[in-house]
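Heads up, the thing below is written out as structure tokens.
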Amino acid sequence: MVLIRVLANLLILQLSYAQKSSELVVGGDECNINEHRFLVLVYTDGIQCGGTLINKEWMLTAAHCDGKKMKLQFGLHSKNVPNKDKQTRVPKKKYFFPCSKNFTKWDKDIMLIRLNHPVNNSTHIAPLSLPSKPPSQDTVCNIMGWGTISPTKEIYPDVPHCANINIVDHAVCRAFYPGLLEKSKTLCAGILEGGKDICQGDSGGPLICNGQIQGIVSVGGNPCAEPRVPAIYTKVFDHLDWIKSIIAGNTAATCPL
């Protein structure tokens, strides 16, 4: 059974989108405190997601992480003992991929957020670069988040966990997710032997390849980290023109073909 897992208590957001849920990193280790300056902890209507700072005023997360009350925390490592330079913001404006008013779990799971106030770069806060080109198959990439570290139990860590996974042939994901379109604007990534994966609590977080954000956590298997069940990530490169247009002030930007 496949589900889109929104973090924390697996609460169901009452949105115009479809039913959703989130993910967390299984099989990883504690992230280095100085190597995730772009990572955002998102609290939305009592549910947890991840996100990525892409410049001092803008961030990316998954569309299914949307909610009426969103709190965005930057510069965080330990949730119990926050860094002194932690900063908190709320959305000033949220933008969704505008080809369709309806959310689908295979496409359009991307949300661009303009912050109510720019964040200040600091020891633990700095943006991550947008992609210059898409990742190739077998590229080693990094996942991270405060999601559950158990594939079957809700065990949420105090600090984010990181793991390395690979870009996988899209055909592998289509075999497990029969609704996935052949030309879907997504990436398939994971470890085919199993053991490392996103899980509950990681939705919206980054897939980082060669120092750039290439994916946004969208859909995974249940339980997490099963063999031959990679996860699906929104492909940031395929949304790059839209992202840049919105940031430049063209809020009527349409989807690329």
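In case you wondered, yes, glycine gets a Cβ from its N, Cα and C as well.
From a predicted model like this one, the values you see are computed outputs, not experimental measurements.
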| query | Among Cys31, Cys65, which cysteine is annotated in Swiss-Prot as forming a disulphide with Cys49? | reply | Cys65
| query | Can you tell which of Cys188, Cys199, Cys209 is bonded to Cys141 by a disulfide, based on Swiss-Prot? | reply | Cys209
| task | Quick one: which of Cys188, Cys199 does Swiss-Prot link to Cys173 by a disulfide? | result | Cys188
| note | Whole-Å Cα distance, Cys209 (disulfide bond) to Cys188 (disulfide bond), is 13
| message | Return only the integer: C-alpha distance in Å from Cys188 (disulfide bond) to Cys199 (disulfide bond). | response | 15
| message | Here's one to test understanding: among the active-site residues His64, Asp109, Ser203, whose C-alpha is closest in space to the C-alpha of Cys49 (disulfide bond)? | response | Ser203
